[in-house]
C-alpha cells in the first residue's frame, strides 16, 4: 500500500499546467466506439490510466487492433465486427467500462463475461442491466444481475422507448450503443440532461441521434453501416483539472492556468460553482473539434458557502474536491440530491463526511448529501482513501493547508497518473511504501 504525506504551503503559487491527464470519459469512448468504425481511427493523448487501459485491453480482446503512430495511437476495427473473446473481459476498477460494454455487447452476437476488481464487484449494475433486460437482453450475474461478474449472451434487441429514472451518462450510453445495433428507431429520455460525450462523438462519426426540445433522444440504428473513424487529440480532463482549480481557490496568493481543457458545458459545472463561491475564473477557447477546448485561469479569492442541488450529474465527480473548498469557505454549504455519490468507487457521502470530521470540520450527513460549516482545518491526521482515487486526490488538497497523510494513494493512478508529480511542483509530497494492507 502506498502512503502519501503532504506538507502545507507557506505562501501562494503561480503555475501553468500543460499536462493535466487526458479526459477519461472521451478516452473510454474513443476505444469502444472504434469497434464500430469502418476504418482506422487516429487518437492522440489517450489517457494512460489504469481504467482506460482496461477499456483498451477489452477492445483488443473484441478485435480492435492497436498500434502506435508517432506520439499517437491507431485503432483499427475488426473487419467482421465484434468478435467473441477467448477470455474474461477484465474492467479493473472502471465503472464506465463495464456499463458501456454491457450495452454494446448485449446487442452483439456472442458470449461475453465482464468482471472487475473487488471494488467494482461491489458496485450496482441494475441501472444498466434492468433496462437492457426489459428489451430482451440476456444478462446474468450475482444478485440477479446487479453485481459483477456479468455474463452476457449477446443478440439483437427490440426497439425501445425508455424513460430513465436517473440522469446518468453511463445508462444513456449503454442504451444508445444497444439501439445502434437494432433494426428500428428507439427513444431515450432522462429527468435532466447528463453528460453528452456519447451523442457528440457518435454524431461526429456519422450516427443519427436526434434530440427534441425536451431532451428526448431518437436513436436510429446503423443497419449494417459502419461509423466514420475518429481523428482527435483528447483534451485535458476537466474533472482532473478541477483539483488544481480548488488548490488555487483555497490558497491566498495562488493562481493557476489549466491548459487545453475540455469545456463541454456538462463538464464544467463545478468550475461555475467555484466561481459562484467567489473564486476568480477566466476561460479562453482554443479549438473546437467534436468538443470545445480551451484554457481556464483560476485565482484565489475569499470563498463563501453555497448550496448545490441542481445539475448534480454535471458535477458528481467533482463534489469531493468541492467539499474541500466548502470546508474552507465562510458560512455553511450544502449538497443535496446527490445520492448517486453512495454508489461510486466508495460511498463518497460517508467517506467525505468522516474524513472532514477527522480534519475538525463540522459536517452533518444526509441520505442524499451533507452540510458543511466552513472555517479552518486541523491537521496531523491520516485520511483513508477507501481505494477511491477522487477521495485521495481531494484530501491531498487539504494537505496544502494542514499536514496530513493519505493511506492507499496508489488508487490515484486509476485516472490521473501524474497528479502527485504536478502537486509536488507546488507542495512537498512524500511517498512511503508498505507491503501489507
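Yeah, the Cβs are placed from backbone N, Cα and C, and that goes for glycine too.
Small disclaimer: the values here were computed from a predicted structure and weren't measured.
Packing around residue 29 (3-phosphoshikimate binding site) is summarised by its Cβ count: 25 other Cβ atoms lie within 10 angstroms of its Cβ, all protein chains included. The 3-phosphoshikimate binding site annotation in Swiss-Prot covers 24, 25, 29, 168, 170, 317, 344, and the record cites sequence analysis as its basis.
Annotated phosphoenolpyruvate binding site per Swiss-Prot: 24, 95, 123, 170, 348, 390, in sequence order. Contacts of residue 95 (phosphoenolpyruvate binding site) defined by a Cβ separation under 8 A and a same-chain sequence distance of 6+ are given as 120, 123, 170, 344, 345, in order along the sequence. Taken residue by residue with DSSP, residue 95 (phosphoenolpyruvate binding site) is part of a helix.
Look at Swiss-Prot and you will find 317 tagged as active site, proton acceptor. According to DSSP, residue 317 (3-phosphoshikimate binding site) is assigned to a helical segment.
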Are there residues of the same chain, six or more positions away from residue 168 (3-phosphoshikimate binding site), whose CB falls under 8 angstroms from its CB, and which are they?
127, 190, 194, 313, 340
Taking every protein chain in this structure into account, which of the binding-site residues 24, 123, 344, 348, 390 has the most other Cβ atoms within 10 Å of its Cβ?
390
Starting from the Cβ of residue 170 (3-phosphoshikimate binding site), draw a 10 Å sphere and report how many other Cβ atoms land inside it.
24
C-alpha spacing of residue 348 (phosphoenolpyruvate binding site) relative to residue 29 (3-phosphoshikimate binding site), in angstrom:
25
Looking only at C-alpha atoms, tell me how far residue 317 (3-phosphoshikimate binding site) is from residue 348 (phosphoenolpyruvate binding site), rounded to the nearest Å.
10
